[in-house]
Amino acid sequence: MATEKGHGRDDEERVPLTRGSTEFRNSIDSFDYSSSTASLSLAVIDRINNSTQDAALGEKGPRDDDDDRYWDDDVEYDVEDADYIPSGGKPMHKSVKIALWTLLFLSLGGWSLAFVLFIFRSHDTYETPISSEDNISSGGLRGDRITLDDVLGEEWMPRHHFISWFPGPNGEDGLLLEKDGPGSTGYLRVEDIVSRKDTKSSKGSIVLMRKNTFTVGGETVICSQVWPSPDLKTVLVLSEKKQNWRHSFTGKYWLFDVDTQTGQPLDPAAQDQRIQLASWSPQSDAVVFTRDNNMFLRKLSSKEVTTITSDGGVDLFYGVPDWVYEEEVFSGNSATWWAHDGNYIAFLRTNESAVPEYPLQYFVSRPSGEDPNLGEENYPEVREIKYPKAGAPNPIVDLQFYDVRKGEIFSVDVADRFPDDNRLIIEVLWASNGKVLVRETNRESDILIIAAINVLSRTGKIVRKEDINALDGGWVEPTQSTRFIPADPSNGRPEDGYIDTVIHEGRDQLAYFTPLDNPEPLILTKGPSEVVNSPSGVDLKRGLVYFVVAGNEPWERHVYSVKFDGTALQPVTNVSESSYYDVSFSDGAGYALLNFQGPKVPWQKVISTPANENPFEEIIEQNNHLSRKLRLFSLESKVFQYINIDGFSLPVLERRPPNFDPTKKYPVLFYLYGGPGSQTVDKKFRVDFQSYVASTLGYIVVTVDGRGTGYIGRKSLSIVRGKLGHYEARDQIEVAKKWAAKPYVDESRMAIWGWSYGGFMTLKTIEEDGGRTFQYGMAVAPVTDWRYYDSIYAERYMHTPQHNPQGYDSSAISNTTALANNVRFLVMHGTADDNVHIQNTLTLLDKLDLANVDNYDVHVFPDSDHNINFHNAHKIVYTRLADWLVNAFNGQWLKTNNPTPNDSLFRRAATWAGLSYNFKHLH
């Protein structure tokens, strides 16, 4: 659940409680790519345009009649969930039928007239307090409505080109790797972005691999991922990739020679054994790899493999992280770092022998790929995972070093470091001349130390220490974005240094520390805007730092540059427009891939940076297919604004249905994530489940980034520490009250939903609210007690349970009386969720059982992990959400409380069965 600030959650399930992707070993494959108010006439048009929608939601759409939104209990109607369909009453009298048919024709005539007037009348614009994005679609009233299949598939997904910048072997800037594009001359190529000319030939690129397959000893190798060596002479190839956890995987590794276009096993003596991790030396002369949790070294000058460690195994990891470090610290599968000169390798030794195990059961599949023993075919496969829950023993991590020339392992003691059971190592950064910076925190992640180690002298010291808890009551997020700045006296840099993100005047800002042991930095950025996962690029020749900020408003992203001395702050993107950009820079930062991500149709182009004397610009993607679709469909409009709650100005996004009419009454769905440092209110282009709810179902969707979320200041962020859910739930409820008071909102039909942390927040909100504002909630894969979640994440925001038992008690979902006061809520969870264990949902169900609470529905997905996608589950989970929401706003769930038999139906059934019964008992 590690939340990376600034990571937009395009897909609710994709980055639930966990961080976004981080760059991994320069792999070209490692890019991660996230109505009740509608008139009858509109509903008819929707039926014509979207027959597939009917299949998903059933024949009956949301009612339009605000005064009679809930149908009488004794009237038969057709909805998908047959368990909740009351039986019909007596047959109608003929005169009643005639009267009803007459009324129906008169009503249709009236609706038709109203429909014509609605089309041709002049529409008033609804004013927004801050900024309103006009509906980017131009389909208008007659435009198609998106279907659930549309948003679950790739119909509305922007195309992204997977460009991987590559440092030239001779210092060239602007080189990039490309794979298998249209009309390409080879599977893997390196190109000069400007000249598109190859220094070896006139073909415009250097072809590293002509095909994505090759043969070794009669075995056909199919590339899964590829990593060229820094000198571009050899390609490290992964085949037969098999996923392990979210970021880790195993496979077979090969060395592919560019000149001969032939391959060989990375380890010729163990060709068929699966490897967990492999990475190039900076000099291209060796590959270090981990297999069965032990480390090995293969030098290209020999086919022999050197064993670095031999005692690795089930409880001892070398060079790769265990589950919790993979998930919550590195967001990746590597804990190995080469020194720049290739003479040393730093790596983590992780001992998790004391970490308790959690069993994951697989009832349908067998992820191990192994056949069960005879007679055990009908038993679930069980995978034990070392998972440290809050307060439980953590894995013990040590930083060790391998001297490549001497072939020996050593460690360096540093005085006053955290003890083994109170230490997290969150970043390792090589400097020059055998120096390495190590970022560590205590177990509760609120005290930061930076240690400088010299592997040549095998000495080390603490050069910087910050008590974040004392500073603002907050914590340290584990990031790996610190940049080493080498000394260059000719360019005004007499000493080595590094650029880091620090807390300055209540915001995250960039700071330059030089020399390495100087704890007092030069602050490079100031003001109300916060930097995001920065620095993004460094131009050492020109002395410039490039970075991304949450612009004038927190929902924006813009790119800036500043000099190493903090002067000449300049925007790279057009800051006069409220936009959302992302960027990646070439190795020398002379060029950049600029990604415009919204609010309009995304595009990509390669540009020269402003300091580059040779201007260059090339558009590589315009997403014309999305522009065409927008002309055909009617999508929601978006309103961005701030709402003040308890003195905090909170970003709010309101999605309004097409042809929004402020004189009507709309149901409202709140969608949230809300995890610490996260952001959901942003200006990215996205057509997602929320778009479907607003555009097709015709409901208003509101998203609030409450206290605890990112980019609205440290004061707002840190206040949630130790009491997760308290302030966040209050913010959702208070904003919901403001929406309930709006003239266009039906306050009796309000729901809230979220996934993962958002699932926790859904339950916490309806628990705190007790049915006073929200009537419905939908929680997917929720945490229900932070004692059940992993230690590194939970303790960062809640302290340990031993330190803060009352905080854990109050944050747990436990007030069953309050939950019973809601009309109904839905909980869904995957049984094989390795992140948020189904234990969370099951223990909540037990509390509800003990309290005799039954106003909820549960859907369990066998063998699905946190993403819920096993055996068609991905589609089912969203179909279930949509159907359940429609039934809720149709008043369907009001009929499930204290159900009684239909008198006339029971009489008929009893008579048919020849039974006698005292019907007075029914009254």
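The backbone N, Cα and C atoms fix where each Cβ goes, and this holds for glycine too.
Residues or ranges marked as topological domain 'Cytoplasmic' in Swiss-Prot (evidence: sequence analysis): 1-99. What Swiss-Prot lists as region 'Disordered' is 1-21. According to Swiss-Prot, the feature compositional bias 'Basic and acidic residues' maps to 1-16. Taken from Swiss-Prot, the feature transmembrane segment covers 100-120. Annotation source Swiss-Prot lists N-linked glycosylation site at ASN135, ASN351, ASN574, ASN815, ASN902. The active site, charge relay system annotation in Swiss-Prot covers SER756, ASP833, HIS866 and rests on similarity to another entry.
What Swiss-Prot annotates, mapped onto the structure for a quick look.
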{"residue": "ASN351", "record": "N-linked glycosylation site", "CB count, 10 Å": "15"}
{"residue": "ASN574", "record": "N-linked glycosylation site", "CB count, 10 Å": "10"}
{"residue": "SER756", "record": "active site, charge relay system", "CB count, 10 Å": "28"}
{"residue": "ASN815", "record": "N-linked glycosylation site", "CB count, 10 Å": "17"}
{"residue": "ASP833", "record": "active site, charge relay system", "CB count, 10 Å": "22"}
{"residue": "HIS866", "record": "active site, charge relay system", "CB count, 10 Å": "25"}
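DSSP classifies ASN815 (N-linked glycosylation site) as coil under the three-state reduction. The DSSP secondary structure for SER756 (active site, charge relay system) is coil.
Each residue contributes its Cα atom, and for HIS866 (active site, charge relay system) and ASN351 (N-linked glycosylation site) those atoms are 26 Å apart.
Cα of ASP833 (active site, charge relay system) to Cα of ASN351 (N-linked glycosylation site): a span of 24 Å. Closest to ASN815 (N-linked glycosylation site) in space, going by CA atoms and restricting to the recorded positions ASN351, ASN574, SER756, is SER756. ASN351 (N-linked glycosylation site) and ASN574 (N-linked glycosylation site) have their C-alpha atoms 49 Å apart, to the nearest angstrom. ASN574 (N-linked glycosylation site) sits 35 Å from SER756 (active site, charge relay system), taking the C-alpha atoms as the reference points. Following the DSSP three-state reduction, the secondary structure of ASN574 (N-linked glycosylation site) is coil. A mean pLDDT of 35 is what the model gives for the topological domain 'Cytoplasmic' (1-99).
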